[in-house]
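What follows is a set of notes on a single structure, which appears directly below.
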Amino acid sequence: MAETDGAAAFTELRDPDWDESQLRQYTFPTRQIPRLSHTDPRAEVLINNEEPVVLTDTSLVYPALKWDIPYLQENIGNGDFSVYIAENHKFLYYDEKKMVNFQDFVPKSRRIEMKFSEFVDKMHQTEEQGGKGRVYLQQTLNDTVGRKIVVDFLGFNWNWINKQQAKRNWGPLTSNLLLIGMEGNVTPAHYDEQQNFFAQIKGHKRCILFPPDQFDCLYPYPVHHPCDRQSQVDFENPDYDKFPNFKNAVGYEAVVGPGDVLYIPMYWWHHIESLLNGGETITVNFWYKGAPTPKRIEYPLKAHQKVAIMRNIEKMLGEALGDPHEVGPLLNMMIKGRYDHGLS
């Protein structure tokens with residue numbers, strides 16, 4: 001796949017519902033993620049190899065393609081929804097339980113529980129004010145939803161996705177996350193420890209992925225930090241003095257629209273943005289635990305296996321030392337001057 005200058009990647013495959021002016025500009029090159037029918041044998045090969053692909057015709061969430069804000073407001077029920085509120089367009093995830101390790105950490109967004117109607121009011125109020133404040137609903141679908149949503153959910157193409165899961169010996173479906181965002185919202189680059197089918201329902205999202213072997217280009221926060229698994233690099237204003245390897249980053253990108261399903265492999269970094277001036281976006285994630293570790297390990301290890309090892313080392317050291325802040329100095333003492341230059 002040829003490298004491109006980001007937005008220009010889409011000239012040939014442009015969907016009439018959006019154009020390049022709606023994409024944010026970044027400094028790194030990107031390649032196109034293949035767009036294929038789910039019946040195309042190449043799609044199966046990509047998923048088997050844990051490489052991303054956009055599937056255009058799975059009908060995975062077909063009954064949900066009618067979902068919009070009024071329909072959901074009428075039918076989603078009276079449960080509580082997790083809504084993140086941020087001062088700008090970037091919603092950097094953080095683990096509230098890990099905040100105890102970093103007393104000085106100040107989250108860039110806050111999470112509030114509210115009814116769906118309260119979220120809609122808050123979103124419309126924010127849109128009308130035109131200020132910097134933004135909201136993003138991120139809620140696991142649960143049994144508080146109304147009957148019509150349940151009927152839609154049961155009508156998803158479970159036959160197809162269950163076969164995908166079985167073929168690859170993945171673990172169970174852990175959750176279906178409903179995401180409703182304002183135009184221009186950004187979820188900065190991070191990776192998950194689960195397999196993900198990312199089903200777009202309303203509006204368009206640009207998804208930029210990076211393979212696990214670009215770990216050293218993306219500088220994740222330490223495992224004990226609240227922003228574990230998130231990149232420290234600000235894509236809009238990268239600090240190359242602090243993060244010099246980011247100059248070597250190469251992304252894989254696609255814009256997904258209603259009915260598209262993007263396979264995001266486990267441990268692949270992904271940066272997700274709702275298009276500028278593209279209206280509200282609705283997405284449902286299908287998250288699966290990965291396949292169990294094979295009894296016989298094959299060498300050389302794959303990049304994602306090395307990421308898992310690094311995570312385990314950080315976790316073990318944090319527990320052994322009794323203080324996560326001692327992990328970095330100990331690793332530096334171990335490596336500096338010993339492993340960081342060629343040994344004869």
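Here the Cβ of each residue, glycine as well, is placed from N, Cα and C on the backbone.
Between the candidates HIS124, HIS225, HIS270, Swiss-Prot assigns the Fe cation site shared with HIS190, ASP192 to HIS270. Secondary structure at ASN285 (2-oxoglutarate binding site), taken from DSSP and collapsed to helix, strand or coil, is strand. When Cα-Cα distances from HIS270 (Fe cation binding site) are compared across the recorded positions TYR136, ASN196, LEU331, the shortest belongs to ASN196.
Sequence-distant contacts of LYS205 (2-oxoglutarate binding site), defined by Cβ-Cβ distance under 8 angstroms and a gap of at least six in the same chain, are VAL255, VAL256, ILE272, GLU273, SER274, LEU275, THR281, THR283. Using HIS190 (Fe cation binding site) as the reference Cα, a 10 A cut-off selects ARG229 from the recorded positions ARG229, ALA291, LEU331. ASP143 (substrate binding site) sits 25 Å from ASP192 (Fe cation binding site), counting Cα to Cα. Checked against ASN285 (2-oxoglutarate binding site) by C-alpha proximity, the recorded positions THR174, GLU193, ARG229, ALA291, LEU331 yield THR174 as the nearest.
Cα separation, GLU193 (substrate binding site) to THR187 (2-oxoglutarate binding site), rounded: 17 Å.
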